[in-house]
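Engineer: Quick paste from TrEMBL:
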DOMAIN    22-170  domain 'Casparian strip membrane protein'
TRANSMEM  29-49  transmembrane segment
TRANSMEM  69-98  transmembrane segment
TRANSMEM  110-134  transmembrane segment
TRANSMEM  161-182  transmembrane segment
């Protein structure tokens with residue numbers, strides 16, 4: 001009985017669900033690639049966002065850049081960190097595909113996935129609040145909506161949020177997949 005079989009109650013022998021764990025590991029790898037694309041695309045889109053309004057005089061120029069707002073800088077840094085983590089976690093994901101019985105290496109992966117999810121949530125939520133203010137303004141505090149003037153700037157910042165929140169959803173799926181793979185032990 002040393003062949004890796006499990007004895008169940010009445011003496012019947014069945015093999016562990018190797019195929020199921022391999023499928024979960026392949027899905028984990030694919031989702032990590034999707035999350036890299038979302039987070040890295042968001043960082044690049046936000047990091048290259050700027051707009052200058054043309055005026056008649058050359059001495060007066062109004063310019064909006066992502067680095068003018070510390071929240072957007074935080075957003076870019078967070079998405080870059082998350083992208084780097086995801087790229088570094090890809091070899092471990094490949095290891096899980098090749099060795100579908102590996103369970104202990106999933107525990108740190110769940111832990112770090114959860115930390116990255118929290119970091120990504122903080123960055124994306126803070127940037128979303130600023131983008132909302134840029135679109136709507138706040139009449140009680142006399143903050144004007146700037147998106148009427150800086151249309152391209154606002155479109156790019158809004159678009160970068162989509163990729164980041166997409167990566168957020170993928171991280172939730174990754175954590176659930178890893179937990180499911182651990183529970184099938």
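Note that Cβ sites are derived from N, Cα and C of the backbone, with glycine treated the same way.
Situate these features within the shown structure.
Structural biologist: Using DSSP to sort the residues of the domain 'Casparian strip membrane protein' (22-170) gives these counts of helix, strand and coil: 109 helix, 10 strand, 30 coil.
Residues 65-66, 72, 75-76, 79-80, 82-83, 86-87, 89-90, 93-94, 96-97, 120, 127, 153, 156-157, 159-164, 166-167, 170-171, 173-174, 177 of the same chain lie 6 or more positions beyond the ends of the transmembrane segment (29-49) yet place their CB under 8 Å from a CB of it.
Proximity of distant same-chain residues to the transmembrane segment (69-98), defined by a Cβ-Cβ separation under 8 Å and at least 6 residues beyond the stretch ends, is recorded for 21-22, 25-26, 28-29, 32-33, 35-36, 39-40, 42-43, 46-47, 49, 105-106, 109, 112-113, 116, 119-120, 122-124, 126-127, 129-130, 157, 160, 164, 167, 181.
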